[in-house]
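A.B. asks: Before anything else, here's the structure in question.
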Amino acid sequence: MGVSDPGGAGKTKQELAVVREVVRSYTYVGIWMSISIAVILFNKWLLAYSGFPFPIALTIWHMGFCSAIGCFAVRVLGLVKSHNMTAREYMTRVMPIGLLYAGSLWLSNSSYLYLSVSFIQMTKSLMPGLVYAAGCVVGTESFRPAVALNMGLIALGVLVCALGEVNLVLLGLAQQLTALGFEAMRLTLVQVLMNSKGYNMNPLQSLYYVSPACFISLLLPFLCVEYPRIVAAQAEHSIHFNAPVLLANALAAFALNLAVFLLIGKTSALTMNIAGVIKDWMLIFFSYYIFKAPVTTLNLAGYFFCCSGVVWYNQMKLKALKAKLAQGSSSSSDKAYSSKSKPEREGGLAYLRLGQQQDLEQPLLQNRAKEDILAEIQRLQAQVEALDAR
């Protein structure tokens, strides 16, 4: 007759639970990567090949659509809570972030008119260095020579990519680099103006708060720069407004935000960084085969150099974070001990001394003869009987 092993069954259930969690996490990562790649290729096709070369109009359409979805999700469905900001808080905390985000989206979408998707992804390797530089300017990061050297090596790799780019347009390069600078400052200000004040936002809350700020920030550039061109193009019948395509593009942008929302808390930051690198290499591949964008050996060598620098930087950040957490746990233990009263501390020390004394006496007890131990027991029994007689 077999004997059941409840411990083995419990271990099997734990292993299955771990496998399910891993599969679910990497499923979310795969969904995020797929939608992100689709949105980038969709924007490139829409702006550069479909007869709709208006990046501000496309961005303001995205922001208007996302503002409506965010308002519906927060105010009507109640999927997430509102932070109930005052008008002053919104103007001082959200509007600067929305302004930078609007500039970043406008210029990055504009660069699709001049640069290949492959080269744009290569330039994004500069983001860690730009965020670090913005943090040093604002005061959220401290200057460290090792990190600065790493950022310099990544910048050198991007320079090699640029030298190997066949269809390099300086205007598009300037737009893309400026967009990256805006995005780096936006991420830094999110930490300073929002997270440090307790206004942590998930993607749906960001749609609700930041999208209207972006929409407002883009209104004036749209009216001054692209609206006259759109009116002239309509008069010449040289523009193609395909409503289903624009709606599908906005839905894809919203789906990307939803994928990020589902991904939060399901995987680690290191996994996200690795997935981002894989996604960029896949975009280079798709850009080459879909849009016939040439990719040279010098491009790939420079980008491989950039990826190595980014991985190194992520490892440095991970080590620094672990050291900070270890220091924080050590300081909290010291604080908890110092918060005890003097009798508690003295009692704890006495207990430790007693334990140390017992550890020292243990080998001596083991080495005593059996007769000595029996004699000690008899002596103690005699003392107990004498006490009872009294």
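In case you wondered, yes, glycine gets a Cβ from its N, Cα and C as well.
Got these off TrEMBL a minute ago, pasting:
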DOMAIN    27-314  domain 'Sugar phosphate transporter'
TRANSMEM  26-46  transmembrane segment
TRANSMEM  52-78  transmembrane segment
TRANSMEM  147-171  transmembrane segment
TRANSMEM  206-223  transmembrane segment
TRANSMEM  243-263  transmembrane segment
TRANSMEM  270-291  transmembrane segment
TRANSMEM  297-314  transmembrane segment
A.B. asks: Please determine whether the transmembrane segment (297-314) and the transmembrane segment (52-78) are in contact (criterion: at least three Cβ-Cβ distances under 8 Å, sequence separation 6 or more).
C.D. replies: no
A.B. asks: Check the domain 'Sugar phosphate transporter' (27-314) for me and report the mean pLDDT.
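C.D. replies: Per the prediction, mean pLDDT sits at 87 for the domain 'Sugar phosphate transporter' (27-314).
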